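Trainee: Below: one structure in structure tokens.
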Amino acid sequence: MTIVLGRVPKEENDLFDTMDDWLRRDRFVFVGWSGLLLFPCAYFALGGWFTGTTFVTSWYTHGLASSYLEGCNFLTAAVSTPANSLAHSLLLLWGPEAQGDFTRWCQLGGLWTFVALHGAFALIGFMLRQFELARSVQLRPYNAISFSGPIAVFVSVFLIYPLGQSGWFFAPSFGVAAIFRFILFFQGFHNWTLNPFHMMGVAGVLGAALLCAIHGATVENTLFEDGDGANTFRAFNPTQAEETYSMVTANRFWSQIFGVAFSNKRWLHFFMLFVPVTGLWMSAIGVVGLALNLRAYDFVSQEIRAAEDPEFETFYTKNILLNEGIRAWMAAQDQPHENLIFPEEVLPRGNAL
């Protein structure tokens, strides 16, 4: 019998393996394949927003001052949407509108589409980052799935809604006061607060806040006593087998308070995940409906009776009148190019609506 000893030739890593090794290397800030999408898009979205709020006016698109350079502050500065006449143009810097002129591109509202599209892809990249890291450390992907809620809301409000309307003009501008104005617009033109999907969204978000507060307080209240006084951060070993807090005590407490309580940690934490994510998704679905101009609840019988009987009025009919006032003032202000003229008798008159 002959035994031959020799070296097995080592195959050289191809480009993919080399990139995979570098991208997924254990470092202080994980990069990963998702980072190729996340980091550039987040950088450009934030950079575009800071640039716009610092230097760029909205005079040419909305007739407004919207930058620190013009005297706005953090609450009133914004990167505003393009003009209504530009419809759904992507407003590329090299496109037919700006023709490579950066100043003209900013004046036309090009920074808004730049921030919106890069922001959407940055959020998707962050979700993929959570998937990638979860797979690397062998976790379930619920963090990434939960983050689909904020992504759905962003995409529906900033992209799908204006796509259903006549242009990007009707999307929210990126600023605090600008978002508030958009909320008022949603109420006046869509009666958003009476939309069942908005109601489910509010229930989900506020319900999640309540659950979070209750859960945090309950865990704090039932932490097992340790030998380090009030400081529990050094007393428990991360690899300990026993519980850090008493689920049995917590269950007994809430059973006495409400009559019912969670007896299973998995169901409890899944419920805390389910409530806010479902609320955000319901809100997103509702905004998609508004993009198609679907109406909220209409209680026509109350409106007819209120019109016929001056002594009959409900909170609903009062809100409908307020919505009419919002529309009458907002439409003429926001869309001067439409030359909307309302007779004096239909315009709100101060407090005398």
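Using the three backbone atoms N, Cα and C, a Cβ is placed for every residue, glycine included.
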Trainee: Select from 177-193, 279-295 the stretch of residues annotated by Swiss-Prot as transmembrane segment.
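Mentor: Result: 279-295 is the stretch Swiss-Prot calls transmembrane segment.
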Trainee: Transmembrane segment per Swiss-Prot sits at which of 41-61, 104-124?
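Mentor: Comparing 41-61, 104-124 with Swiss-Prot, transmembrane segment matches 41-61.
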Trainee: Which residue range, 125-141, 244-260, 312-328, is the one Swiss-Prot calls transmembrane segment?
Mentor: 125-141
Trainee: Pick from 82-102, 208-228: which range does Swiss-Prot record as transmembrane segment?
Mentor: 208-228
Trainee: Any chance the transmembrane segment (153-166) and the transmembrane segment (279-295) are in contact, meaning at least three CB pairs closer than 8 A with a sequence separation of 6+?
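Mentor: These two stretches do touch.
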Trainee: Whole-number answer please: how many Å between the C-alpha atoms of HIS269 (Fe cation binding site) and HIS118 (chlorophyll a ChlzD2 binding site)?
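Mentor: The separation of the Cα atoms works out to 33 Å.
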Trainee: Measure from the CA atom of HIS118 (chlorophyll a ChlzD2 binding site) to the CA atom of HIS215 (Fe cation binding site) and give the result in Å, rounded to a whole number.
Mentor: 36
Trainee: Suppose we draw a 10 Å sphere around the Cβ of HIS215 (Fe cation binding site). How many other Cβ atoms does it contain, all chains included?
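Mentor: Total other Cβ atoms inside 10 Å, all chains included: 16.
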